[in-house]
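Visitor: Quick one: the structure is below, questions incoming.
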């Protein structure tokens, strides 16, 4: 069936809203509902509508793919695939994915070597594992249905996941059959299940970025290791004649110690024996550290930082263009032959129903008005390009009555008004800061001023209204701080020993003082912005930790214990003795045996200690002395891996901060950053027409919503109502402003490529064209 | 006397070269030397010339001030000041400054506590010091003559220097009188003498930059310390009940240990006692380190990096505008009433005689031609703005015969030509790299392939000519590497034990392999570029070291010795025992007593160890246990100071590298970076005219030079000769290209300001106007 049917006079008469632009954005809805009864109309067109629904859904999927940076070749190709796609793309499914992945990861707490309290029988944990794996199989089969076999095979990550799944399955069955755990280093691969989760998109991006930064990293690392080797040989030649020097007696020792020296961990001990013999030998170490630590290491950071910057920009560019393409695809599905130059409200509304099911009718209309900049009844492609920027706005009626208490009786209103003015005044601000400062001194003499904050909090909440109060990041911060302080007070009052430490958190209130200075505000704003990315980077690091923890447990569980490493150079740190020398008791407490790989939690702590780097060689040497020289490989690899991740983290913080500062400098004159705000006016007539439309379409819920708004307008006797759309500024918005000029070039280049591609497409296309339409594309393509 | 005299017909007839522009930059020198004999002309105008000489000299001084970023208010104000200025501005004087400063600094090697080998009697070193101080007095008096009392008082650095000089004088005399050294912490101030040296301009710039970066640094440091205090109190509350935990038993210990933990130096030891008691206590340390070390420390770097970037740009801008102003001042001194729109060759030549005395006549003329872009006989102000860019060019005749061996007999020519082609071919390059790679493996089996490199070096030197060969940074690098390797070979051949280590440097040859990859070439090019700045930063760091070394020696000399610190927690590291337990000898070798402040050299090594940070608390605690708790202040201050300097170094490397990479990205398409090259053609007629001019001016040396060139032209029967001006690209050139667009804005803004200032100047100016003319300014100002 062809689309023209849908645009038949019968349908038009009841479905299409025609909007004519009058001056000033004031729309008249010319609603030509002439004769047919609404109910009659609804039933008659269900078939045409069904086809349109397919288009809406597909367009919504395109837009989602654009937003999530999903490649279009995974776009569902037919109705069956679409069903599977819809099944696999909702939060319930995502949650299932996440839970199974977490379950699999957490199993390592209970598998031997387990955390003592959580040990489970082999039957139990193997069965749990099998169960989780079966769930993963189910997830993958849904994915296969959606992607189709060919795309499935071509999707690398999924293939790796399938392979790991297969291995894990076999191993779990083997464990069940043999009823004993064998060496299962492959458990380290379980991470892939977490990484593949929908919710871990940020982790995947981080990993990609890490891999992209690797080539320059490896280059500089080679330079670093090259110098290490040269100095290693030189050091061996120079210091091996000194027999009291245990650090350079063999070439291997020499190299290992210079590697450790890269981390400064054994300095100055490594220098001391030779320095004691000849003071000038310090030159060797000074030169080595100057070259390696202070120069090449910084160069490493510089190179990674530079690559990182470059990648960030490229990523931004490709995402921007990807979104643009997604919008083009969606646009093609939403225009009709009658209106090839734009999308009518009806179709945008249909799209939004799928793209944002929870958006209310009013907001859909506001989105349409916000998109429509040309004041015609249609949203052109140029307007539609702003889709992502506009659809994120949260709309709120701009109240003529500014304050939440405007509707209260006169006396109450005056009181609250006074509080409102007080709270917003500069004097109040500074008075509060003075209180904070005084409090800072106060705390030191251990007195409590907390009530003042309680009162401030109460005042602010009443003066601004609870929602407005908490919607400001800074007020929220105040709130948290005061809450903590209150908890501290309670703890003190009821003398709850275990929570005593909360009392000590009270000085955190002093952080308020930092608000005073612009630089701190910048820094703290940057921290707020960075937080999500930092969290995902932290998660990425944890995934690496997990892999290394599993490997460490498999190889090193139980190898270190008190008094274990007496043959090594670090025996002292592991010595745990209570012996009597002469007439006094000598207690030697070497705690390093605690840094072991006996279970997952211990391994994580040990790995954190290795990350911090200081004295890591004690742990390495301890383990090495109990196992083999090859164990060093594990520790050195771990060092290099954390170095990569840490360098990326530093580069990331640098980039984010420098970007923000540059942005601030570029837009110095602009107003305080309140996020993005858009204002739209809706007239009562428009509302009425909209209600009529929904009535015809039998959408009773929407009708009720809209009638409520009309009732409100009636109550205040307003001819129109102002709505504010608001959302916080994202990095993407900043980037768009920063790269303003370049973006135009990118677009032009992109559209040139597009044109070229379209000319190619005009030729008979191959059968597995990923952009093959679901339902009605053929038509819409001919329209463009 | 007024300038018009100089421009009298008599003078014009013999002095002025009139250049008329023909098409294609081909000049005819219309030389109206009509009647007067050269000798006659020379004597007659000596008085007019004398005045012009003054102008030339002042203009040259302005240009020098512009180049060195000297403020114009130190510009000499009269003839007496000029004499002093000239006396104080030449390399002999600079060298004297430097030597006295170094002498003063080196004295600390011989003063008690002295390096044993270099100890001198009090009489000797105090007399030496007095002598050096007297020299400084002489230098300062010259400076006073040049600056005049008023400017001298206003010049801060000089005032500080005078004050320090005064203190040092008194102390030196006291030492001589009492014949014993007292506590002389003020010796730390001797650094100012070095910092004030002409040659240490880069150090001064670094210090300024460090001070400018301080405010943001201190802000973040406050945040860092704030969290430290909060965690310190929390840690004290949490861990002080554990009596086996020595790290948190008092609030002071708690804070000190958390400060040390900032540097990771006592991790994981500081965690172990509490971790042994309760595994969850690791959360405290993990949170602390994550916040402080991994977040705020990186933020610190980010903030400093950002400030640094900003300062670099501002510095570039102010230097650019300063140079522009200097050029304007010089220009005003060089134009005449007759030719108010530009500088004639004669005057430019006069300027260059003072500005670059060693420039030969040919180059002066080439500079004029290079500046003169409009092909008129005068250099306009707009052309003159390029002065600094053009004057640095090194001119060389472009030979029609490309190769150095073109003049050799036919057979030799063919041979050399062949070598030349071979050496320049890609195949040769890659063959050599293969040899290097093979050699890499070779070296590991200890064989010698050095001859090959010798042959390569020989081939390249003969093929390219020695000068061209060494003028390329990369060839020079090859040369050095080969030289080192040769030395190694010689050492091996003659079995010279003490130089044996040079043999080990042979693997450095492998560095050649790094040339192959573009990234390494970039990195190494950046290193070459960075080197001067790095050196000056290193020197800055050394100056801080010196101050701290002096203070350390005054307070801590002799406090640590073997078995000294038995009351402290770090007693083990200082224990030096050979005792018998049961039936075996236990040797405890704690070498840390070697890290002392017993003389300057030891102090430097100790301070380097503190810079590297690892285990620095052992040194701190050792000294503290022997002196007082306040000693910690010294070590903590030192840590913070080195942190500042190190952060700046990192920021600097980052900035330089990122800048370079951005530049490369912006100019991707442009040719390989060969520095800046300018081509100018000189016709024989021009040369002849020029020679005539110099003949008239009795400059026999220049005449001889020029005649040689004419003879050369005659020999090859060329009507003209091409010259190439070449210099390497500086950071400033890169900056000019990077900020192209902004620079125009700066200029406009600057000229607006200038105009405003000139309008102000037109009002009766105050008497101490720094721009008051030396001789003839009044005139030239009216001209503009």
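Quick reminder: no glycine exception, Cβ is built from N, Cα and C everywhere.
The following feature annotations were taken from TrEMBL:
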- A:759-770: compositional bias 'Polar residues' (COMPBIAS)
- A:93-315: domain 'Ion transport' (DOMAIN)
- A:433-657: domain 'Ion transport' (DOMAIN)
- A:750-784: region 'Disordered' (REGION)
- A:92-114: transmembrane segment (TRANSMEM)
- A:120-138: transmembrane segment (TRANSMEM)
- A:159-177: transmembrane segment (TRANSMEM)
- A:217-239: transmembrane segment (TRANSMEM)
- A:283-305: transmembrane segment (TRANSMEM)
- A:430-453: transmembrane segment (TRANSMEM)
- A:479-505: transmembrane segment (TRANSMEM)
- A:526-551: transmembrane segment (TRANSMEM)
- A:633-658: transmembrane segment (TRANSMEM)
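Please go over these features one by one and say how buried each is and what sits next to it.
Guide: Non-local neighbours of the transmembrane segment (A:92-114) in the same chain are 120, 122, 124-125, 128-129, 132-133, 135-136, 139, 142, 168, 181, 184, 187, 190-191, 193-194, 196-199, 546, 549-550, 553, 557-558, 598-601; each lies 6+ residues outside the stretch with a CB under 8 Å from one of its CB atoms.
Sequence-distant neighbours of the transmembrane segment (A:159-177) (same chain, 6+ residues past either end, Cβ-Cβ under 8 Å): 104, 122-123, 126-127, 129-130, 133, 136-137, 140, 152-153, 184, 186, 189-190, 192-193, 196.
Cβ atoms under 8 Å from those of the transmembrane segment (A:526-551) belong to residues 105, 108, 184-185, 187-191, 194-195, 200, 202-203, 205-207, 210, 473, 597, 600, 603-604, 607-608, 634, 638, 641-642, 645, 648-649, 652-653, 656-657, 660, 731 of the same chain, restricted to positions at least 6 beyond its ends.
Same-chain neighbours of the transmembrane segment (A:633-658): 206, 209-210, 213-214, 217, 221, 259, 263, 300-301, 304-305, 308-309, 312, 523, 526, 529-530, 533-534, 537, 540-541, 544, 548, 551-552, 555-556, 607, 610-611, 613, 616, 619-620, 623, counting only residues six or more beyond its ends whose CB sits under 8 Å from a CB of the stretch.
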Visitor: Which value does the mean pLDDT take for the domain 'Ion transport' (A:93-315) in this predicted structure?
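Guide: Across the domain 'Ion transport' (A:93-315), the average pLDDT comes out at 87.
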